[in-house]
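Engineer: First, the structure itself, so that you have it in front of you.
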Amino acid sequence: NLFQFAKMINGKLGAFSVWNYISYGCYCGWGGQGTPKDATDRCCFVHDCCYGRVRGCNPKLAIYSYSFKNGNIVCGKNLGCLRDICECDRVAANCFHQNKNTYNKNYRFKSSSRCRQTSEQC
């Protein structure tokens, strides 16, 4: 669920880091359109696409099992859609960490005027 996803992000990037991704670029936060602005925004685009492929439960609400081991996110013995959601969130949190050097404060607080291009397909 979104709370667990936030905890993954904070676990990889430090306390309160999730706030940097709530409204960023064209895809981080609720909804999304246009072309991702940078590698960080692409992490959100890929995460949105991943959630879009989940069948059988609501990715924003479903509770799954995971832990941190040696700084790595490890999804637990989840079945079906819970496994899929955990993997979506794990991959995105790792993506944010791997691309933290691309984070651009100018893209915070996304604006629909910056995201008017035709949206990419998943």
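Cβ atoms here come from the backbone N, Cα and C positions, even for glycine.
The annotation disulfide bond is assigned in Swiss-Prot to CYS26-CYS115, CYS28-CYS44, CYS43-CYS95, CYS49-CYS122, CYS50-CYS88, CYS57-CYS81, CYS75-CYS86. The Ca(2+) binding site annotation in Swiss-Prot covers TYR27, GLY29, GLY31, ASP48. Sequence annotations record features per position, and here Swiss-Prot assigns active site to HIS47, ASP89.
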Engineer: Go through CYS57, CYS86, the listed disulfide-bonded residues, and name the one with the sparsest Cβ surroundings, counting other Cβ atoms within 10 Å.
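Structural biologist: If we count Cβ atoms within 10 Å for the disulfide-bonded residues CYS57, CYS86, the smallest count is at CYS57.
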Engineer: Do you see any of the recorded positions TYR27, GLY29, GLY31, HIS47, ASP48 whose C-alpha is within 10 Å of CYS88 (disulfide bond), and which ones?
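Structural biologist: Those near CYS88 (disulfide bond) - Cα within 10 Å - are HIS47, ASP48, in sequence order.
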Engineer: Within 8 Å of the centroid of the Cβ atoms of TYR27, GLY29, GLY31, ASP48, which other residues of that chain place their own Cβ, given that this set defines the recorded Ca(2+) site?
Structural biologist: CYS26, CYS28, TRP30, GLY32, CYS44, PHE45
Engineer: For CYS26 (disulfide bond), which of the three DSSP-derived states applies: helix, strand, or coil?
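Structural biologist: Note: CYS26 (disulfide bond) is coil by DSSP, not helix or strand.
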Engineer: Least buried of the disulfide-bonded residues CYS28, CYS75, CYS122, going by other Cβ atoms within 10 Å?
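Structural biologist: Output over disulfide-bonded residues CYS28, CYS75, CYS122: least Cβ neighbours within 10 Å is CYS122.
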